[in-house]
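So that we are looking at the same thing, I have put the structure below in structure tokens.
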């Protein structure tokens, strides 16, 4: 078993570059965004907890989603604020591995929660008479727990292979640590491990499998809506719109990140590249509470 090189104690996040006095503006904007994410998601969690009429399966899934959004933004934004003000942009191996673990588990939980929420919408719209017997509070709690445990174990096992490597390189051309790029810094880069990380875990298990399940459920929902009454179509539109917006936003962000790990995107302005690369942790955690809070009538009424 190989151990981390004693010479390599930290990596350098090189994408920050020299932003001069603008760093104070970027720091302030990032801090405002982070505080907004915490407040918006926490407010909705509290509202769902204190309002008895929101103690329904769908809102339990939303609580899990909001908790994960706080978790995901915390994996990046505090570090981002520190790095913006830093002159060296170093990150220790320990914090780099912690950040990789937190970001990847966030993405895994987000995708799987969105997938199971699509099944909840499918049962609600396509099998309304059986909804209460199929989607029970107890089952929802078990499913949420399984999603979190499986994601943590899965990413933990994957990352354990990276931690064992001996590193000779130090420069990561991103604003945060990425497992694929850290693997390339190993003294003996392991192509198989990189393939397992990017394709098997990243593309197939975490992204494609939940996405295929989501597409399957929405094909069923749309087929039912074509034959349904106007009231059923309106109900489906009201409950599915925020979910679809959240899915499309997150899918775009994740596929962009997977593509940019393999191809150079230097033709895109640096500022835009940073926003797109951090979109899943920068914008998505703010988007979810906004679209669900504004679109779902029960949540809107709870604030009135």
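In case you wondered, yes, glycine gets a Cβ from its N, Cα and C as well.
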Looking at the ranges 169-189, 274-294, which is given as transmembrane segment in TrEMBL?
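Per TrEMBL, the stretch marked transmembrane segment is 274-294.
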Quick one: do the transmembrane segment (59-85) and the transmembrane segment (240-259) have at least 3 Cβ pairs under 8 Å, skipping pairs fewer than 6 apart in sequence?
no
In the predicted model, what is the mean pLDDT computed over the domain 'G-protein coupled receptors family 1 profile' (40-292)?
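When the pLDDT values over the domain 'G-protein coupled receptors family 1 profile' (40-292) are averaged, the result is 88.
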